[in-house]
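A.B. asks: Pasting a structure here, questions to come.
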Amino acid sequence: MSRFVQDLSKAMSQDGASQFQEVIRQELELSVKKELEKILTTASSHEFEHTKKDLDGFRKLFHRFLQEKGPSVDWGKIQRPPEDSIQPYEKIKARGLPDNISSVLNKLVVVKLNGGLGTSMGCKGPKSLIGVRNENTFLDLTVQQIEHLNKTYNTDVPLVLMNSFNTDEDTKKILQKYNHCRVKIYTFNQSRYPRINKESLLPVAKDVSYSGENTEAWYPPGHGDIYASFYNSGLLDTFIGEGKEYIFVSNIDNLGATVDLYILNHLMNPPNGKRCEFVMEVTNKTRADVKGGTLTQYEGKLRLVEIAQVPKAHVDEFKSVSKFKIFNTNNLWISLAAVKRLQEQNAIDMEIIVNAKTLDGGLNVIQLETAVGAAIKSFENSLGINVPRSRFLPVKTTSDLLLVMSNLYSLNAGSLTMSEKREFPTVPLVKLGSSFTKVQDYLRRFESIPDMLELDHLTVSGDVTFGKNVSLKGTVIIIANHGDRIDIPPGAVLENKIVSGNLRILDH
């Protein structure tokens, strides 16, 4: 009997604790609602409507954030996806192309995620405006690719840029240079959400402005926001009205994410007659990709699992290249009609990413984000396609930039392809030290980009510069210790070499 009483009192105390937590949650939601209403009153008449949509979207996300506890996946339910749910690209390609490529292409809209700044590479303004090859920017190359398609097949594939409030103004200024290109370019903006104080969980912003003290009070809430923002912009309905059926979504800094006609044909003319609503391009993991999100089978559906969702005890297992062999490239093909249906049903479910930041003044804040690929489980008949590594060529650092600027790649109509002169299809591993982090410093340290056709691995650390016509082969490690400087002379050929110490070349 005493055991029963103990269990009952324990249950009652747990029930009381959960009731208390529920009251706290409701109070907090009410406080946030009041703060958001105060912020909305500071919006001008032309800002009011879209600010209200943004703040309503934030409230929904915040409500979900308060409801969720602990890791969002039950590790025991994670299974490898069934064989037929991830198709090899070779199988898709083997079907060939239809005679009417132009009619298939005319059903497509290309969307590039263009919300990021170039700050990690020491550049101001949108990352898409950084020069990556022969003075062409990411945006230039994208426009060239789509113009080439439209001219070759006499089609009308539009380009849509999802900007953020950080990139919109600068991007729009530059777009006029493409007025004479055969590409219709549209833009829409990601939502703008308020950062919240890590302790109080209340918005840091006091008004809608984005200047002065308020500059750091707002953030774009991750690319998962594309579904709501695209819908709210009116572009979704416009394209459906024009007979478009699919969007191809990718990061603008992934130079491998070109329109693939074989994948598009598979979407438009499926072999089993059943259309896919969502296709995610995945590729094989290497040791460098262990943190990338992977496709799994979860409760009978394909699901993207990110490292942040994995319980700590299973992180090493998640990183295992032998168990989880593929990762998400963020190249996605999505049905427009399905996006419209799910958005109107409020049925797009994406896990919340909680991103902790420290503002310049030292205040700890969190921002709530979502990822576009996480919505795969909300769509019907989803599919993964295991594509060649060449479709994943992101430029996140100057080490990546060195690769794409080199003779490892040739440029044709805005697309980069691996040089036929390279004997192996793999990309060299390049690690440039902190002296090369900023694009400006990086460019100053290379008189010309070295020949890297036979390179396997390059590590550079410290104060190092490269003369013209340098050739790097095999494994090359160059380390200038603190206070030393190494100048690699013009015409030098370094093959399987370690260079250290001090080597100065001065003008006579």
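Glycine is no exception: its Cβ is also placed from the backbone N, Cα and C atoms.
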A.B. asks: To which residue among T142, T358, T426 does Swiss-Prot attach the annotation phosphothreonine?
C.D. replies: T426
A.B. asks: Please state which member of H63, H148, H223 Swiss-Prot lists alongside G115, G116, N251, I252, D253, N330 for binding substrate.
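C.D. replies: The candidate from H63, H148, H223 that Swiss-Prot ties to substrate along with G115, G116, N251, I252, D253, N330 is H223.
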A.B. asks: Can you find which of K340, K357, K377, K396 Swiss-Prot lists as binding UTP at the same site as L113, N114, G115, G116, K127, Q190, G222, D253?
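C.D. replies: When Swiss-Prot describes the UTP site, the candidate it includes is K396.
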A.B. asks: Do you know which of S13, S103, S471, S500 is annotated phosphoserine by Swiss-Prot?
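C.D. replies: Among S13, S103, S471, S500, the one Swiss-Prot marks as phosphoserine is S13.
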A.B. asks: Pick from S415, S435, S461: which does Swiss-Prot describe as phosphoserine?
C.D. replies: S461
A.B. asks: On the DSSP side of things, how many residues of the region 'Oligomerization' (457-508) fall into helix, strand and coil, could you say?
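C.D. replies: For that range the per-state counts are 0 helix, 29 strand, 23 coil.
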A.B. asks: For L113 (UTP binding site), identify the closest of the modified residues T426, S434, K438, S448, S461, judging by Cα separation.
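C.D. replies: Nearest by Cα distance to L113 (UTP binding site): K438.
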A.B. asks: What Cα-Cα separation, expressed in whole Å, is found between T426 (phosphothreonine) and K396 (UTP binding site)?
C.D. replies: 18
A.B. asks: Among G115, G222, all listed as binding-site residues, which has the most CB atoms within 10 Å of its CB?
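C.D. replies: For the binding-site residues G115, G222, the Cβ with the most other Cβ atoms within 10 Å is G115.
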A.B. asks: If one measures from the C-alpha of K396 (UTP binding site) to the C-alpha of K438 (N6-acetyllysine), what distance in angstrom results, rounded to a whole number?
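C.D. replies: Per the Cα atoms, K396 (UTP binding site) and K438 (N6-acetyllysine) stand 12 Å apart.
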A.B. asks: S434 (phosphoserine) to G115 (UTP binding site): how many Å between their Cα atoms?
C.D. replies: 25
A.B. asks: According to DSSP, does L113 (UTP binding site) sit in a helix, a strand, or coil?
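C.D. replies: Reduced to three states, the DSSP call for L113 (UTP binding site) is strand.
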